[in-house]
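As given in TrEMBL:
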type	residues	note
DOMAIN	2-84	domain 'P5B-type ATPase N-terminal'
DOMAIN	109-158	domain 'Cation-transporting P-type ATPase N-terminal'
TRANSMEM	121-143	transmembrane segment
TRANSMEM	163-183	transmembrane segment
DOMAIN	205-325	domain 'P-type ATPase A'
TRANSMEM	339-359	transmembrane segment
TRANSMEM	371-397	transmembrane segment
TRANSMEM	892-913	transmembrane segment
TRANSMEM	966-985	transmembrane segment
TRANSMEM	1005-1028	transmembrane segment
REGION	1123-1144	region 'Disordered'
């Protein structure tokens, strides 16, 4: 349409643009303009361009389109793109999340009302609006589809020939189908709107430092907002510049426990290299994301908690999440596409029949109206208008069976796709394993060696280990309940201490101490209200950073003059920051002895280890085994650490004991290496112990042991990012053999699903429906484990929080898919059967009567297609997947043979009846009375053939139960066969007259039709059972096609063959190394240096001048421990510390890193 109404032109002059996205979907957008002066803001340019200037055009001429005072833009998928004259391209409009340094946010003074209005002109209102499509629009879109258009044509034709009963039935079915489709569409849009819609007021600070309460929809990037003391729902993305916040980010990350957000360090006046640009990825611990809930704020003195708005509307994190739901990757399902091909073939057959009819009717000089009606009637016969409704019935029954098992489906069309699944990705925590953690015990270190595990925490002495367990956390109290990370809660409760957050009137720790921990005191005792001397104030918290895998706190004991530091994190990270001589000699041995059993091990500052155990759900292993027995790949994709993920993978039998695991580590190019470097190392030895590994560097390369060729790749999120950027070919190999993907972010989970789809897998995803929503929406089968009955993030929602639902949905999907194949083949053969009957009778200028059509179309075919679909799925998953393509040898051969049998038997009875001595041929009449022996013979035979086809296509094992278990279908067969036999042998005269059915004179001859029908049943069933469904023959044909047509082979099969046939890949080495060394190489030292600077600045902000004075007055060397955010210091000298002096601070505040 665009090409018909517009002509090509330079991009800068375009009024409308046709866009093609990564999924080959086309969009037409209208270019609009606004004045740059009216926006009041400079547009920042990202690195990537959406469009580049076409080379064939010269855009240097001075035209109104090149006027710099005008800003040209368009909106696509709710994202605004603006024209950049410098690069001659449209670029995505960004907020303050690109190109602004940390100091900028501490120096801005807020926007005036006029400035805010100007920016809103450019960025739009701060609203994530999901429009609920009007019913009339949905109706017109549905009616515009080819099937509904064809149904409208058919209904009009049937009314013209007085076939109104069936026309009314089709109208009723169509109306019901439309109502269901409109209801489902509206339900989804309303659910999405209700989920994301949030209206609230926000307090903004104006340039005059006055505060004003305004609707959140009026916010614009650059506004300074106040975060209420008792929390709020964030209406935008904003960077925190003062105070701390406790935030629930479950919508974005899936973590239902609060996290602490700290203010952005103030780098005003510092050198440029110490004043980095703020980005969402590197400064996420300082950013409050839209859609998250701020539970509580923490502030110092009377200081307000303030944040600067970065992004609004659909540019926010919540907006990106909503857009991923609104515009998911389209799924290409072969069955639906191939069904249209069959319709086209049937239309060509109809065309041949129309020509045949046209020639006969013209030769007989029939009236023109009669010719037109009879010719057009053939189209409605061979292309059944009831086909869409018949195909939908099976999905409806599957949906009802799933609902009975607490599995809810909001997209029945997804059910057929579930039958093709051959790979399933699982989240770990909360999906394979329990949500919570249990305290298993503590391992102390003495004299550089670990002691036996201590499970009774009360036996621990009150030393640094105990104090670290009590203080090193980000817990808070809300409504008299301790809230925070479950691991923090479990560890703190194990100490049996109390957490207290002083009010404004409490000053014993001064106003900079927001949290206090102390031993429990019996309120009934005389000592209640007195201080124990062990009371510890948490001066500053530096929350856990997933990229740096650690957190720390600055603490001060009651009445103490010094500050203390406690840190905890992953063992690999803590040891990497420690001097070698302070690490216990048996560190790796003890660590891996616990991680290989699935314990979550946390290293504490100084030398002790604390273990948490994350129990595997009892239903996980049986479900995994069931999927593996059906040759369905099971993949773990988790944000947890690698060693725990490997342990869980073995425990749930995702990786069998005899299988090998190869860790893949990829490192981006650096100053020493111009190319990507790799490490392929064994995660275990040949006896599957997890305490040995092998490295690639400087060792002889070997390949997998031929006696045990099965191996699995294990990949971290960092390696995934490197491979995706630099080595997409190797990434595909990793995807084929990868089983464990650890430390994966939400976006990386979706990327994994897409890569698996690109190489030919039908992918399922099972997760909690929060941070997995992108992957759940992208997958062919997304199952969210949630208490809600419907999730906008996935087509399926299981209220039973375990993975037993996955095999259940796949079984129903296979059942629904096989049912759809059966119904389609039945409807195609039914239409061909009726088409052949009509063509045969047209030869004698005869036809089937309306009542005969009605009996075949409604009483036989419609009831069969409905009851046929009620058959339940088979109890077990088999190895072979059902066919997913109608254009394959099996379905094609099946249709050809069955239609050939139908044609042969109809032609036989047509000529055989004419050979009888009592036969009287049909004579045309003006009353359209088709009573004749030819009509009776063909109609009686066709009635049996409809039943035969229903029985033949009602396949059971291995995807459905046997058809005789479907009592509705069996009852339907009994009733219809009884009536058909009655009409054959001894029909009532009045009924026969009503049907225009001539009663054949010989009862013996009439009974012969039952024998003929039985012969066809035996032949049809034998062909289907022993030829079409023959496993040996089918595999031979499939292998022949793979060899003859390379494209017929799935991509992942080709890749797997290449790996198996290459003895030098993957290259692994036989030298043992510590796993911690492998993971440590990926850590970025520059990030640690940056955080060291940030640590110092933050401490100065908190402790002020007293901190500098205190440092300069002491001769003792202060010790510092690095952390994921600003760290902390300790004035005490601890020579027995296992984590000893990773960095020092001298009196002149110079930094000397000694890692």
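Glycine is treated like the rest: Cβ placed from N, Cα and C.
Curation plays no part in TrEMBL annotations; they are all automatic predictions.
Long-range contacts of the transmembrane segment (966-985) within the same chain, counting only residues at least 6 positions beyond its ends with a Cβ under 8 Å from a Cβ of the stretch, are 859-860, 863-864, 867-868, 870-872, 940, 943-944, 947, 950-951, 954, 991-992, 995, 997, 1003, 1006-1007, 1009-1010. According to DSSP, the secondary structure content of the domain 'P-type ATPase A' (205-325) in residues is 25 helix, 38 strand, 58 coil. Same-chain residues lying 6 or more positions outside the transmembrane segment (339-359) and placing a CB less than 8 Å from one of its CB atoms are 371, 374-375, 378-379, 381-383, 824, 828, 831-832, 835, 839, 842, 886-887.
Taken through DSSP, the domain 'Cation-transporting P-type ATPase N-terminal' (109-158) splits into 33 helix, 0 strand, 17 coil.
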